[in-house]
Amino acid sequence: MSASAVNVTPGRNVVVVGTQWGDEGKGKIVDWLTDHAQGVVRFQGGHNAGHTLIIGGKKTILRLIPSGIMREGVACYIGNGVVLSPEALFKEIGELEEAGLSVRERLFISEATTLILPYHVAIDQAREARRGAGKIGTTGRGIGPAYEDKVGRRALRVQDLFDARTFADRLRENLDFHNFVLTQYLGGAAVDFQATLDTMLGYADRLKPMVTDVSRRLYEENHAGRNLLFEGAQGTLLDIDHGTYPFVTSSNCVAGAAAAGAGVGPQKLDYILGITKAYCTRVGSGPFPSELYDADNPSRQDQIGITLANVGKEFGSVTGRPRRTGWLDAAALRRSIQINGVSGLCMTKLDVLDGLDEVKLCVGYKIDGEDVDLLPRGAAEVARCEPVYETFGGWKESTVGIDSWDALPANARAYLTRVQEVAGVPIDMVSTGPDRDETILLRHPFKV
């Protein structure tokens with residue numbers, strides 16, 4: 001190592017995580033922060049969650065590729081903690097290249113990334129259909145079964161594609177197991193070995209130029225003084241360990257997963273930005289203490305909840321499913337802040353609250369008459385929570401596009417001030433619209 005390399009100040013690493021049940025608006029914020037980053041890293045999840053970006057009025061939905069791909073010159077990394085569908089990846093690459101973006105030269109995929117295969121999708125969909133009314137709400141894209149194979153030590157990884165004979169042997173062994181489950185237990189059709197083998201090996205040459213030792217590359221980039229942004233998918237309350245289990249996703253969505261899922265030392269994570277919507281949403285099944293509206297539940301049809309859904313355009317960017325809506329839950333937010341070690345919050349979609357006569361904030365719960373100030377663990381306990389609210393005056397003025405704190409309506413400032421008091425960490429950013437420039441900056445995560 002040269003003397004000059006020793007003296008380079010390492011770059012800063014910022015982790016962006018959702019503090020709710022996903023859909024907090026992480027994609028826009030990652031894109032905004034990428035002005036100060038030379039690389040963006042996905043470290044968990046798969047193509048089951050979409051990040052929606054509005055840039056210059058044009059809508060782009062990214063499911064697998066990091067949001068930094070929208071910025072020319074920014075490197076994008078898919079870490080070992082991700083589960084990768086080659087079919088979904090190349091579909092997304094094609095869409096981006098059609099839009100005029102260079103992708104393959106800037107995308108780096110960990111050789112240790114787990115592959116999603118056709119039998120994972122088949123099992124995922126067959127299981128969900130079999131559950132009927134007890135469904136979890138999976139997207140049916142094979143994410144969970146792929147993670148099961150990873151934990152069961154039978155997963156096929158990206159690097160396995162480059163040894164055709166070994167890949168074929170392991171695929172045959174896996175199909176023996178999974179086809180038994182599909183046909184004998186789930187009542188589905190078997191997945192064909194040869195067709196699967198041909199399809200997967202067909203991706204090998206296309207993937208190979210993008211495959212690398214991502215962990216080593218991130219280490220070298222950081223020590224060369226380059227800033228890195230770690231982009232989480234889903235949200236803390238969907239985390240496999242810390243969420244409302246079993247109504248959760250199949251990976252760890254918390255900030256600590258950035259270290260394990262990208263192969264970086266945890267002490268290298270300098271700042272954790274918690275993305276928090278100014279109200280709450282949830283897709284699919286599971287408890288939701290502050291819920292106002294659920295399109296599928298006749299008993300949850302509060303007009304304010306309907307307004308939040310309509311004004312906020314609360315439909316899944318990947319599935320198109322309507323999201324359930326409710327007031328911001330600060331007791332759940334506190335749980336997320338503690339788990340993630342959040343340095344500061346970014347409040348998104350504040351403008352959706354414009355025009356309401358009053359705004360409520362859930363500050364705790366009652367369970368059997370007892371006060372509870374933190375979201376309990378596990379779905380059964382969360383389902384027993386009765387929300388305790390504080391009520392604030394609403395504001396009639398539009399907050400859309402406001403880019404300074406002082407320009408916000410007084411009641412909006414009062415609401416946000418109380419949120420950060422209850423949360424115990426500062427609000428460092430506020431998003432007042434979907435476009436990049438519709439952002440209030442109070443403290444910059446890369447400059448704190």
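From the backbone N, Cα and C atoms, a Cβ is placed for every residue, glycine too.
Residues or ranges marked as active site, proton acceptor by Swiss-Prot on the basis of sequence analysis: ASP23. The active site, proton donor annotation in Swiss-Prot covers HIS51, and the record cites sequence analysis as its basis. Positions annotated as GTP binding site by Swiss-Prot, on the basis of sequence analysis: 22-28, 50-52, ARG323, 349-351, 431-433. Taken from Swiss-Prot, the feature Mg(2+) binding site covers ASP23, GLY50. Look at Swiss-Prot and you will find SER317, VAL318, THR319, GLY320, ARG321, PRO322, ARG323 tagged as substrate binding site.
Here the features listed in Swiss-Prot are placed on the structure.
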{"residue": "GLY22", "record": "GTP binding site", "DSSP class": "coil"}
{"residue": "LYS28", "record": "GTP binding site", "DSSP class": "helix"}
{"residue": "GLY50", "record": "Mg(2+) binding site", "DSSP class": "coil"}
{"residue": "GLY320", "record": "substrate binding site", "DSSP class": "coil"}
{"residue": "LEU350", "record": "GTP binding site", "DSSP class": "helix"}
{"residue": "THR432", "record": "GTP binding site", "DSSP class": "coil"}
Inter-residue Cα distance where the pair is ASP23 (active site, proton acceptor) and THR432 (GTP binding site), in Å: 16
Sparsest Cβ surroundings (other CB atoms within 10 Å) among the binding-site residues ARG321, ARG323: ARG321
Binding-site residues: GLY22, GLY25 - member with fewest neighbouring CB atoms within 10 Å: GLY25
Alpha-carbon spacing, the residue listed as 'active site, proton acceptor' to PRO322 (substrate binding site), which is rounded to whole Å: 12
Neighbourhood of PRO322 (substrate binding site) by C-beta distance under 8 A, where only residues 6 or more apart in the same chain count: ALA295, ASP296, ALA309, GLU314, PHE315, GLY316
Distance [Cα-Cα, Å, rounded] between LYS28 (GTP binding site) and ARG323 (substrate binding site): 19
Cα-Cα distance linking ARG321 (substrate binding site) and LEU350 (GTP binding site), given in Å to the nearest integer: 22
Rounded Cα separation (Å) that holds between GLY320 (substrate binding site) and GLY22 (GTP binding site): 14
Other CB atoms, at most 10 A from the CB of GLY50 (Mg(2+) binding site): 20
From binding-site residues GLY22, GLY25, GLY50, the one whose Cα lies nearest ARG323 (substrate binding site): GLY22
Rounded Cα separation (Å) that holds between GLY22 (GTP binding site) and GLY50 (Mg(2+) binding site): 10
Number of other Cβ atoms within 10 Å of the Cβ of ASP23 (active site, proton acceptor) across all protein chains: 28
